[in-house]
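I have placed the structure first, in the form of structure tokens, so that the comments after it can refer back to it.
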Amino acid sequence: MTPGEVRRLYFIIRTFLSYGLDELIPKMRITLPLRLWRYSLFWMPNRHKDKPLGERLRLALQELGPVWIKFGQMLSTRRDLFPPHIADQLALLQDKVAPFDGKLAKQQIEAAMGGLPVEAWFDDFEIKPLASASIAQVHTARLKSNGKEVVIKVIRPDILPVIKADLKLIYRLARWVPRLLPDGRRLRPTEVVREYEKTLIDELNLLRESANAIQLRRNFEDSPMLYIPEVYPDYCSEGMMVMERIYGIPVSDVAALEKNGTNMKLLAERGVQVFFTQVFRDSFFHADMHPGNIFVSYEHPENPKYIGIDCGIVGSLNKEDKRYLAENFIAFFNRDYRKVAELHVDSGWVPPDTNVEEFEFAIRTVCEPIFEKPLAEISFGHVLLNLFNTARRFNMEVQPQLVLLQKTLLYVEGVGRQLYPQLDLWKTAKPFLESWIKDQVGIPALVRAFKEKAPFWVEKMPELPELVYDSLRQGKYLQHSVDKIARELQSNHVRQGQSRYFLGIGATLVLSGTFLLVSRPEWGLMPGWLMAGGLIAWFVGWRKTR
């Protein structure tokens with residue numbers, strides 16, 4: 001480890017211990033060395049004993065920076081895994097991170113706009129940030145060209161070196177996981193960290209986020225379910241992004257939503273529909289849908305519409321991934337656990353020699369209790385834990401390409417639980433998935449595939465006669481080459497047979513001559529002639545092999 005990495009590791013350990021987070025270490029035999037190690041660091045006491053555990057955890061993650069804040073944001077939606085006092089504190093990480101100096105943000109904006117003062121492009125620039133997040137912060141202004149209200153997002157200064165240092169440490173920890181845990185290799189921790197690194201680094205490029213927001217806005221342009229604010233690409237760069245300012249109710253503010261007369265049941269169902277539409281229709285989904293990035297429009301509360309911001313992290317799935325996921329979901333919904341087991345084997349998620357009958361029974365045991373119950377009565381955290389234990393028995397591997405999807409699904413579940421506890425996630429999603437699968441097979445799918453390929457074949461049609469002629473000529477040449485190779489192989493086979501024959505004769509003659517020379521010296525020159533003949537036969541056999 002470099003000196004910088006050692007200092008960062010020391011800072012992380014000191015931060016956790018100074019906030020008394022060793023309290024989270026379970027009191028088990030396997031953790032005894034870790035707890036003894038903590039006692040040895042007696043000069044790092046808990047300096048915040050007056051604060052509750054939830055607040056201490058939030059402050060520690062906030063102090064450690066964006067990599068840890070993002071982790072806390074994900075955990076904030078898992079209210080079935082944490083008591084309310086911890087989940088409520090983690091939720092504050094979403095939009096209450098300490099801001100950096102607004103004057104420094106103004107300097108960054110001016111540098112991004114070619115050195116001109118902010119007043120040359122914007123009116124009413126607010127030096128005090130509207131919001132501050134782990135990666136960037138937002139200031140309000142008006143476009144000088146048309147007077148529209150906008151928000152200006154700027155990246156935190158000097159954030160990249162800190163992120164890279166933390167990621168290097170996480171990589172080191174990931175490489176130790178297979179050595180420390182019996183099933184650590186199956187978790188593929190290094191690949192998971194690599195995927196996380198990619199998404200985190202991508203989030204630092206606001207040009208990428210601008211493109212993502214434009215794409216999502218296009219996908220839901222006429223949708224009653226989701227609105228994405230307009231981006232002004234002429235003002236965007238890697239370190240700055242300008243987009244329409246929106247007004248809405250934070251999706252986590254249930255009291256305000258109810259006061260506004262929002263149809264909570266429809267809102268919760270639309271959250272599920274938006275997720276599955278992004279994944280299966282568009283193959284392009286917002287992968288950072290924690291409550292701090294989702295609002296609800298004040299208008300038409302009886303027909304509520306989501307507003308999505310912060311599109312820095314998005315995910316996409318190929319056709320194979322989508323089809324596999326959809327068939328798996330439908331099999332779950334239909335309680336066809338045999339199909340689920342077979343799909344896992346066919347996809348390679350579990351080894352091909354897996355006992356399908358045993359796997360089916362294990363899945364049935366874990367999944368059957370979750371059906372026919374409202375969402376509020378189901379502990380999906382415990383279901384995931386049971387599935388993990390089942391996977392361990394059958395050597396199921398974590399699929400890094402689906403980590404973002406899994407995280408987003410957790411966000412959707414958490415938001416759904418807060419908005420409408422009676423929401424049946426499975427019942428809401430099942431019709432959508434059945435319709436999507438039906439659309440992928442049959443005559444309509446064939447017609448659609450033909451339409452997609454038609455321009456290619458129209459372009460290639462004039463070249464078809466020449467392509468056919470070239471194929472026939474190459475086929476004839478290939479056949480000639482095959483015949484030539486076959487003749488050479490046959491010739492080599494004959495030569496090798498002859499070679500083995502002469503080598504065998506030579507060995508026999510040499511051995512015979514040697515035997516006679518030792519046991520029958522009275523035979524005179526005969527042993528010498530036999531040995532000479534053997535050497536000649538050996539030479540002929542050797543020549544045959546060349």
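Placed from the backbone N, Cα and C atoms, the Cβ positions cover glycine too.
Since this is a predicted model, take the numbers as computed values, not measurements.
Per Swiss-Prot, ATP is bound by Leu130, Ala131, Ser132, Ala133, Ser134, Ile135, Ala136, Gln137, Val138; the candidate from Lys106, Lys148, Lys153 named for the same site is Lys153. When other Cβ atoms within 10 Å of the Cβ of Ser132 (ATP binding site) are tallied across all protein chains shown, the result is 17. Binding-site extent for ATP: residues Leu130, Ala131, Ser132, Ala133, Ser134, Ile135, Ala136, Gln137, Val138, Lys153, maximum pairwise Cα distance 14 Å (rounded to the nearest whole number). Taking the Cβ of Leu130 (ATP binding site) as centre and 10 Å as the limit, one finds 15 other Cβ atoms among all the protein chains shown. Non-local contacts of Asp288 (active site, proton acceptor) by the CB criterion (under 8 A, 6+ apart in sequence, same chain) comprise Glu203, Asp310, Cys311, Gly312, Ile313, Thr408. The Cβ of Ala136 (ATP binding site) has Lys153, Val154, Ile155, Arg156, Leu206 as same-chain neighbours under 8 Å, each 6 or more residues away in sequence. Secondary structure from DSSP puts Ser132 (ATP binding site) in a beta strand.
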